[in-house]
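In Swiss-Prot this protein carries:
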BINDING   His20, Glu23, His113  Zn(2+) binding site
BINDING   Arg62, Asn69, Arg70, Glu176, Tyr286  substrate binding site
Amino acid sequence: MSPTVQCGAVSQVVVVGGTHGNEMSGVCLAKHWLQDPSELHRKSFTAEVLLANPIAVERCVRYIDRDLNRSFSHELLSASGSESDSYEAKRAREIYQKYGPKQSSLNFVIDLHNTTSNMGTTFLLFKGDNFALHLANYLQTKCVDPSFPCHILLIDIPEGGHVHLQSMGKHSVSLELGPQPQGVARADVLTRMRALVNCSLDFLDLFNQGTEFPSFETDVHQVLYRADFPRNEDGEIEAVIHSELQDKDYLPLKPGDPIFQRLNGEDILYNGEKQIYPVFINEAAYYEKKVAFIATEKTHCLVPALKVQN
């Protein structure tokens with residue numbers, strides 16, 4: 001029998017929208033909750049709301065100078081700063097000054113994102129965060145919507161440490177919902193995200209009030225590598241995502257399956273040695289990062305029971 005994980009009660013929760021200024025579900029919800037946060041009140045806490053990148057939101061772009069969600073490295077946050085720094089570096093330091101240092105008083109971060117890929121409901125969690133895994137399991141069982149199936153995608157901690165906004169919290173989840181075009185708010189996606197946030201707050205409140213959550217088993221996806229598009233000698237893309245791969249996020253891709261198609265009609269096949277599970281397939285925001293899809297492996301894990309520490 002696995003040991004029970006004990007964690008301190010959750011006192012400070014922040015719901016973040018607009019980390020990317022053109023991911024509209026979180027933008028719309030954050031703006032609404034900043035005007036009327038009553039929906040975020042629970043018996044044991046009231047969640048705060050943060051509009052993370054307001055200038056990017058105003059311009060309806062992902063970011064101004066650099067990706068805010070890659071701007072929370074120790075190096076950037078600890079730098080003295082200057083007028084020539086990027087807007088996002090300055091904004092990351094502002095957020096850090098308000099909620100930092102990392103993983104201290106801020107107990108839980110819920111960061112709201114959209115993707116143009118067919119990712120359904122994806123819970124992005126840091127590897128080893130059993131508390132967040134319990135939250136994801138609660139959402140999978142209590143907040144079901146067949147139109148947006150749930151998946152858990154674990155984030156590796158880079159060698160230099162966390163760079164994501166959600167790393168400000170001791171525990172965290174990024175809700176990644178799609179497909180949804182950039183700069184567009186879809187009612188079905190927004191409604192789904194709103195329900196997930198409310199259900200997340202219910203879980204945190206139940207935990208604070210002493211509810212014990214039993215151990216469970218679940219499937220998780222872990223990143224193997226990032227695959228670029230085929231490119232010519234000038235660095236230009238010379239093939240697109242194959243129609244048989246498009247929208248097949250989280251489905252198995254076997255050696256010999258088509259992944260790209262050249263403009264002359266030639267298929268490019270997956271030549272790996274083992275089955276993988278592609279995610280973020282043809283994500284619009286990843287073209288600049290030279291990522292056509294992210295290859296993952298699916299593993300099964302046992303998560304120990306959870307209860308509040310007295």
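Keep in mind that glycine also has a Cβ here, set from the backbone N, Cα and C atoms.
The model shown is predicted, which means the values in this text are computed figures rather than measured ones.
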Rounded to the nearest Å - Cα separation of Arg62 (substrate binding site) and His20 (Zn(2+) binding site): 5
Using Cα positions only, nearest of the binding-site residues to His20 (Zn(2+) binding site) (Asn69, Arg70, Glu176, Tyr286): Asn69
For the binding-site residues Glu23, Glu176, the one whose C-beta sees the most other C-beta atoms within 10 angstroms: Glu23
Cβ-Cβ neighbours of Arg70 (substrate binding site) (radius 10 Å): 16
Assigned conformation of Asn69 (substrate binding site) - DSSP reduced to three states: helix
Candidate binding-site residues Asn69, Glu176, Tyr286, pick with smallest Cα gap to Glu23 (Zn(2+) binding site): Glu176
Cα-nearest neighbour of His113 (Zn(2+) binding site) within the listed binding-site residues, Asn69, Arg70, Glu176, Tyr286: Glu176
Recorded substrate site residues Arg62, Asn69, Arg70, Glu176, Tyr286, farthest C-alpha pair in Å: 16
His113 (Zn(2+) binding site): tally of other CB atoms within 10 A of its CB: 25
For His113 (Zn(2+) binding site), the three-state class that DSSP assigns: strand
Entry from the binding-site residues list His20, Arg62, Asn69, Tyr286 having the most other CB atoms no farther than 10 A: His20
